[in-house]
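Features of the protein shown, as given by TrEMBL:
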| type | residues | note |
| --- | --- | --- |
| DOMAIN | 73-306 | domain 'Glycoside hydrolase family 19 catalytic' |
| DISULFID | Cys162-Cys171 | disulfide bond |
| DISULFID | Cys271-Cys306 | disulfide bond |
| REGION | 300-328 | region 'Disordered' |
| COMPBIAS | 312-328 | compositional bias 'Polar residues' |
Amino acid sequence: MKRKTRNKIIVWTLALAAVAILVGGTIALVLTAGTWKAKIKKSQEKICNKGWECSGSKYCCNDTITDFFKVYQFENLFAKRNTPVAHAVGFWDYQAFITAAALFEPQGFCTTGGKQMQMMELCAFLGHVGAKTSCGYGVATGGPTAWGLCYNHEMSPDQTYCDKTYTQYPCVEGAEYYGRGAIPVYWNYNYGAAGDGIKADLLHHPEYLEQNATLAFMAAMWRWMTPIKKSQPSAHDAFVGNWKPTKNDTLSKRLPGFGATMNILYGESICGKGYVDAMNVIISHYQYYLDLMGVGREHSGDNRDCAEQAPFNPSSPTDDQKQQQSGS
């Protein structure tokens, strides 16, 4: 090969290498700039501290729950819980609720959006709680929606709810995993997961949820704030509008709103079955609390029911009783 040709090849090789280095450096610079831009944006995000109830979060810059939900309102919503015929007299109280909520307010629990959205989420969450712990009936004094927090555990369990095939949270000898809490927890694997979430050994001591009202509220709030699966929304995200439905969700009529919270928490046990009583009772409690809180049921939002929604997690016929939370 002639020296002149060889020199040309060397020059072109060096030129191409220089271009590659330049392009690579530019890409790296752009990526680095993008990373720094994201970090700067995050560092500029306003963080607020409001003492024991809410600290170290952008959500704490909004009203906290105690700003708009007082003791007298709690008493008004759950007016019959301490009557002699109730089954958890003296157990549930406002302070237990607020103490539990302080764990989740920095995550956006009832601190997302403006005051109306915050109050709507409070009523939505308590709508589930009230319906699932009510001992009211059609002709009960004050009406069926006045009897929330009447129970703190399942009264006559017909089984121990132990699934021995679930090895991550194996059943503990002597423990019974029947329904307990503000949004009742069933089955060993749900007690184990909830216990991890609130840092309490519920797998070995499921009875904690009927002995300690703060833990009972915590377990319910953890379930509200935590997706069943990573690819799915939490009840919180579905309600406040953080969740963006996929095309499949839309085709399955799963849309943001109160209806989706029932789908997430109870699945096919109440959703996709038309306007069944089990679903209507939960909606009634939600709207009743909206009225009592001064928001009004006319602000209960779109997509309030799940009558025609396909369940997020359909189960096989043999698993009907193993919903994340019982719909009964």
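The backbone N, Cα and C atoms fix where each Cβ goes, glycine too.
Heads up, TrEMBL stuff is auto-annotated, nobody curated it.
Cβ neighbour density within 10 Å is lowest for Cys162 among the disulfide-bonded residues Cys162, Cys171, Cys271, Cys306.
Between Cys306 (disulfide bond) and Cys162 (disulfide bond), the C-alpha separation comes to 29 Å. Here the domain 'Glycoside hydrolase family 19 catalytic' (73-306) returns a mean pLDDT of 96 for the predicted model.
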